[in-house]
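Trainee: Okay, these came from TrEMBL:
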- 1-18: signal peptide (SIGNAL)
- 40-246: domain 'Neurotransmitter-gated ion-channel ligand-binding' (DOMAIN)
- 247-270: transmembrane segment (TRANSMEM)
- 253-475: domain 'Neurotransmitter-gated ion-channel transmembrane' (DOMAIN)
- 282-303: transmembrane segment (TRANSMEM)
- 309-331: transmembrane segment (TRANSMEM)
- 369-389: compositional bias 'Polar residues' (COMPBIAS)
- 369-405: region 'Disordered' (REGION)
- 464-491: transmembrane segment (TRANSMEM)
Amino acid sequence: MTPAALGALLALLPLALMLQSPGSQHGGWTPEPSEPALHRLSHYLLAHYQKGTRPVQDWRTTTNVAIDLMVYAILSVDEKNQVLTTYIWYRQHWTDEFLRWDPTRFDNLTQISLPMESIWVPDILINEFVDVGKAPHVPYVYVSHHGEVQNLKPIQVMTACSLDIYNFPFDVQNCSLTFTSWLHHIRDINLSLWRQPELVKFDRSVFMNQGEWELLYVLTQFQEFSVKSSDYYAEMKFYVVIRRRPLFYTVSLLLPSIFLMVMDIVGFYLPPNSGERVSFKITLLLGYSVFLIIVSDTLPATAVGTPLIGIYFVVCMALLVISLTETILIVRLVHKQDLQPHVPEWVKHLLLERATILLCIRDKKKLSPSRTQSSDISRQAESNDSTAKLTPYGSEDPRESGAVGGTRPALAIAGRAEGSAVLQGVLRETTAIRQFLEKREEFRNVAHEWLQVGYVLDVLLFRAYLAVVLAYSITLGILWSTLSTLVLQILTNCCAQQFYSKLGKTLCQAVAKLGCQRDWFCEHLVLGETRGVMTATTATETFS
């Protein structure tokens, strides 16, 4: 053999060895030993992969997608547009039968990251999506050698939510995130929960707990639904229950309003017969109006209903108006009494006798001011009356008058005509003064009576107003403190009732298959004799 022929045979020897080696399952391609294991495995898996079809060998096999959810942050709650914006960590897991390999052939490699665009991904969407949020793009998924695919990604979710703001700022919101396959029915894609419901419910490991909203828990519920009674679809609901932190709104909204109402109550201690109370009340009313204008932008605005705090502000404004009206009424009673008649007897009996006992007004000096001026005026009137009865010479004894006339007859006769005219004038002036004083005393008595009525009526209306304010404040406190707890209990009970109802049907069917006493078991289960989720879960596993 010539050297040229021998060289040709040696050159063809590696090619012959390559052709004799076993071919690959994906088209007969054999990886080169010098190529890295990740490259060889990636070419091995994706060389002839069909990402447009569901990855099962038998089309009757259902692809089970396990999903999980962790709330990272509550970004915003738009009460007007009924939109909740959250940032979540979403995880889903399924089995791809075409992405399996033997780790011994690829340097014991058991897990690899592959581009998401190169493999089949389930069409799991959120039904409540209203807008595409800003979220980082994660282009890869993890694949294990058993064909298990893990898709982990953060999502900024903008979802529609029915927000109830009646208890603002002590409100609790329950918003649902419904994950379902948009196209595949339950025979093709079924959904399940990655972790136990208890672990999902109280998981706050990644939640940013420094914002306005506090995450209470996340409830889960699986259910099947159908469209026009045709095919059934699987969906997994996550109920995100959040509660607002009310400290900011309490300091900026409630406390100023409470301070203004307290000042309105203190204003009743101003004297009712002074006009300063009216100006003080008007100033408070104007100040409260300015306060409402300032805080109007802080209150949530919806077309569905009015929050309880809005009703609180309106009622406080109405109470201020009522307080001002009461003050005007009292001032009207204690002023301008010259044009008023005497107090009716039934008013005296009702207010000055019965009401004083009811209101425990035991200090009668408040109702009976000093009569010193009246006594002085009476004594002055009596003195004037005595003066009016004097004779022209200032003597009350006729005999003295006669004696004087006898000694000086000429002087008396000469001045009789002039003295008679002066005496008549003095008598008329004295009578007019006495009538004036009597009328003024009568006016003072009327004014005193109306002042007594105004004082008693002011105390009565003040205590009634104080009772209304206290009752209203206690009612609001009870509503705000109990409604939040009641909402939480209703949410928990409703979710538990739905869970136990579906679980009861499953257990009843299992008992019926085993031929047990189905009626007794189902009756006690539906009535709520099952005491816990773990008990029911254990029973389900036992029957299955």
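Keep in mind that glycine also has a Cβ here, set from the backbone N, Cα and C atoms.
Whatever TrEMBL says is automated annotation, not expert-curated.
Please situate the listed features within the shown structure.
Mentor: Same-chain neighbours of the transmembrane segment (247-270): 168-169, 212, 276-277, 280-281, 284, 287-288, 291, 295, 298-299, 309, 312-313, 316, 319-320, 323, 327, 458, 462, 465-466, 469, counting only residues six or more beyond its ends whose CB sits under 8 Å from a CB of the stretch.
Within its own chain, the transmembrane segment (309-331) is flanked in space by residues 168-169, 249, 253-254, 257, 260-261, 264, 267-268, 272-273, 275, 277-278, 281-282, 284-285, 288-289, 292, 295, 299, 454, 457-458, 461-462, 465, 468-469, 472, 476, which lie at least six positions past its ends and keep a Cβ under 8 Å from the stretch.
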Trainee: I need to check the long-range neighbours of the transmembrane segment (282-303): which residues 6 or more away from its ends have a CB within less than 8 Å of a CB in the stretch?
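Mentor: Residues 79-80, 82, 163, 165, 168, 249, 252-253, 256-257, 260, 263-264, 267, 309-310, 313, 316-317, 320-321, 324 contact the transmembrane segment (282-303) from elsewhere in the chain.
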Trainee: Take the domain 'Neurotransmitter-gated ion-channel ligand-binding' (40-246) and average the pLDDT across it for me.
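Mentor: That stretch averages a pLDDT of 91.
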